[in-house]
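Chemist: Mind looking over this structure? Questions follow.
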Amino acid sequence: MNDTQIEKLIQAEKARQKKVINLIASENYVSKDVLMALGSEFTNKYAEGYAGKRYYGGNTVVDKIENLCIARALKLFKLKKEEWHVNVQALSGSPANLAVYTALLPLGSKVMGMSLDQGGHLTHGHKASATGKFWMQVPYGLSKETEQLDYEELAKIAKREKPKMIIAGFTAYARIVDWKKFREIADSVGAYLVVDMSHTAGLVAGGVYPSPFPYADIVTTTTHKTLRGPRGALIFAKKDVRELGKKIDKAVFPGLQGGPHINQIAGVVVALKEASIGDFKKYAKQVVKNAQALAGELSKLGWRIISGGTDSHLFLVDVSMDGKGMGGGEASDRLEKVGIIVNKNAIPFDTCPPTDPSGIRLGTAAETTRGKKEKDFIKIAREIDDALRTKN
Ligand code: DSN
């Protein structure tokens, strides 16, 4: 590389990633093939429009890439092309979700989404996000007793508020979601059901987490978490008389963006194939086993795991210990000092501010990619315990 300054920084980041234990629940390590596709000549190409309908010449190869991405996305999630439309152009998860709102809802419509502080995402209608400024969030949360979804309560909120859209699928919820119940609640008020499976997409693909496709009208997902691809997003829309796919396509381009990032889409194409081969199923299973081993050991060591455990790749730990512990920020800093990378996170019904919440979020997708098994995560739990209990 001629630019030695950036070359040095690339090497430094490579070394950092190699050295640390990465427990950030939304990160992963992509394959060399994904990196090659990302760094390919596709980055040079403008391709506004969709395959066969571009606004620039020279897109015959690009059309093949985009069509292949759509075909592989359908195949991975066992969907029929007669039943599902796929848009692969949204640049990442937040723009994908914004495209869904733009496509389906008049401005100001009510959207029922989980509060950020209970495990939802900014784009599920939080007031700091465009989705909360241009549409009106009807928030829902968890049961205080179980720290899990309370479907009866959700049904009551829906009946009272009559939202136009309900969003399910979360960033800090460890348990299996009952998509069928969400469908019934959406049907009871005539709302669209949108599932944002960004966190669990790889687990769904690997067959260890229930698929939302039998129940949702729209499914969005990022491609870089448990799915282990490059940063990017997919939007799946059910094909029927409502023509949701057409509306989504228009919202993405020209509604919200110009040219798609073809190199990124090429990376997604590679990742979708990788996720469809046998080894990925083993990987997904191991991710969940590892999360359960990590949560189980931390619990034995006296740490409170939100909702008492996990069915997925992630979970939250309450580090406040009823005032005898510390904030999530301090916990994250202490862990970074010993080479363990996590993020501070609000816990349900947190009394501390989001800038210094009471919890940390731990996930096992990245370290499972590096081959770690349950015994390694038990060791990591002990290292976490040591670092958090040692005053330094
Ligand atoms: N930043 C993602 C996460 O960490 O879950 C959500 O956008």
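Think of each number as a place in line: the chain as shown, counted from 1.
Cβ from N, Cα, C; glycine included.
Predicted automatically and left uncurated, TrEMBL annotations should be read as such.
Copying in the features that TrEMBL gives for the protein in this structure:
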- 2-382: domain 'Serine hydroxymethyltransferase-like' (DOMAIN)
- Leu116, Gly120, His121, Leu122: (6S)-5,6,7,8-tetrahydrofolate binding site (BINDING)
- His224: site 'Plays an important role in substrate specificity' (SITE)
- Lys225: N6-(pyridoxal phosphate)lysine (MOD_RES)
Chemist: What Cα-Cα separation, expressed in whole Å, is found between Leu122 ((6S)-5,6,7,8-tetrahydrofolate binding site) and Lys225 (N6-(pyridoxal phosphate)lysine)?
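Modeler: Their Cα atoms are separated by 17 Å.
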Chemist: Mind checking which of His121, His224, Lys225 has the fewest other CB atoms within 10 A of its CB? They're the recorded positions.
Modeler: His121
Chemist: Write down the Cα-Cα distance for Leu116 ((6S)-5,6,7,8-tetrahydrofolate binding site) and Lys225 (N6-(pyridoxal phosphate)lysine), rounded and given in Å.
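Modeler: Lys225 (N6-(pyridoxal phosphate)lysine) to Leu116 ((6S)-5,6,7,8-tetrahydrofolate binding site), Cα-Cα distance: 19 Å.
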Chemist: With DSSP assignments reduced to helix, strand and coil, which class does His121 ((6S)-5,6,7,8-tetrahydrofolate binding site) get?
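Modeler: Where His121 ((6S)-5,6,7,8-tetrahydrofolate binding site) sits, the three-state DSSP reduction gives coil.
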Chemist: Rank the binding-site residues Leu116, Leu122 by the number of other Cβ atoms within 10 Å of each Cβ and report the first-ranked residue.
Modeler: Leu116
Chemist: Which of these binding-site residues is closest to His224 (site 'Plays an important role in substrate specificity') if you go by CA atoms: Leu116, Gly120, His121?
Modeler: His121
Chemist: For the domain 'Serine hydroxymethyltransferase-like' (2-382), what's the mean pLDDT in this predicted model?
Modeler: 97
